[in-house]
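Feature annotations, courtesy of Swiss-Prot:
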BINDING   GLY40, GLN41, THR42, GLY43, SER44, GLY45, LYS46, SER47  ATP binding site
DOMAIN    3-246  domain 'ABC transporter'
Amino acid sequence: MTIRFDNVSYTYQKGTPYQHQAIHDVNTEFEQGKYYAIVGQTGSGKSTLIQNINALLKPTTGTVTVDDITITHKTKDKYIRPVRKRIGMVFQFPESQLFEDTVEREMIFGPKNFKMNLDEAKNYAHRLLMDLGFSRDVMSQSPFQMSGGQMRKIAIVSILAMNPDIIVVDEPTAGLDPQSKRQVMRLLKSLQTDENKAIILISHDMNEVARYADEVIVMKEGSIVSQTSPKELFKDKEKLADWHIALPEIVQLQYDFEQKHQTKLKDIALTEEAFVSLYKEWQHEK
């Protein structure tokens, strides 16, 4: 499954005194099996971009093509339904949208709406919940008797229960404790590597971006100003400063180390493990 943006612009309240162009002339492509991160300041157009992915918003100008379906501002919703079935959208604080009295009913709400096999959906959701640390009897419990972090994980899995090919998540770990953050991020990564799903992550946490993403899309004032690998992105401190993007902690540590020892390691470390490996190599060659 491939999603392609061709010269996509979106204007809110078009034709009124309050009209605002949130994204303009966006050209990019999302491929199944890859992990994308979308970063940029608040108001840079990230949320508008992802809402055009499955036509929650339709382009004011330009086209979004999902496999053989082309979406424009004129496309009727009945032609978009197959797209929405294959693209799972998890917005910020999804726990606020929980409403069923048991976890099981919450899990089958989406699949039932799309006339999917409910037993398969329940089994798939149960496996994902177990991966997130829930007990085996979780399906019979009420989500409203759980902690905020547990409710967040329940809400995320309720979207994943539809087994979408492309998963779009907007700040999924905001406000979670460190263990829950790791569980959610590792689950998303495993869905990419083990099930060939595309992950599209909006995040302000550059540590997550560095560790998990294959490609990073940087947005500024409604435009894509960069689309590259994390290693290439975090090499250019001047551009990062201009885009108001912080360095990941491990990359900052590497730069501090290099400055202190007046040296240059052979590569950019995106994880603690990679930094340790580069450090050992540097020690060996001293």
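Quick reminder: no glycine exception, Cβ is built from N, Cα and C everywhere.
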- request: Please report the number of other Cβ atoms within 10 Å of the Cβ of LYS46 (ATP binding site).
  value: 24
- line: Same-chain residues at least 6 positions away from THR42 (ATP binding site) with a Cβ under 8 Å from its Cβ, in sequence order, are none
- request: With H, G and I counted as helix, E and B as strand and the rest as coil, say where DSSP puts GLN41 (ATP binding site).
  value: coil
- prompt: Long-range same-chain neighbours of GLY45 (ATP binding site), Cβ under 8 Å, sequence gap at least 6?
  reply: ALA22, ILE23, VAL26, MET219, GLU221, GLY222, SER223
- line: Out of GLY40, GLY43, the listed binding-site residues, fewest other Cβ atoms within 10 Å surround the Cβ of GLY43
Statement: Smallest number of other CB atoms within 10 Å: among the binding-site residues GLN41, SER44, SER47, that is GLN41
Query: Given the recorded ATP site (GLY40, GLN41, THR42, GLY43, SER44, GLY45, LYS46, SER47), which additional residues of the same chain have their Cβ within 8 Å of the Cβ centre, ordered by sequence?
result: MET219
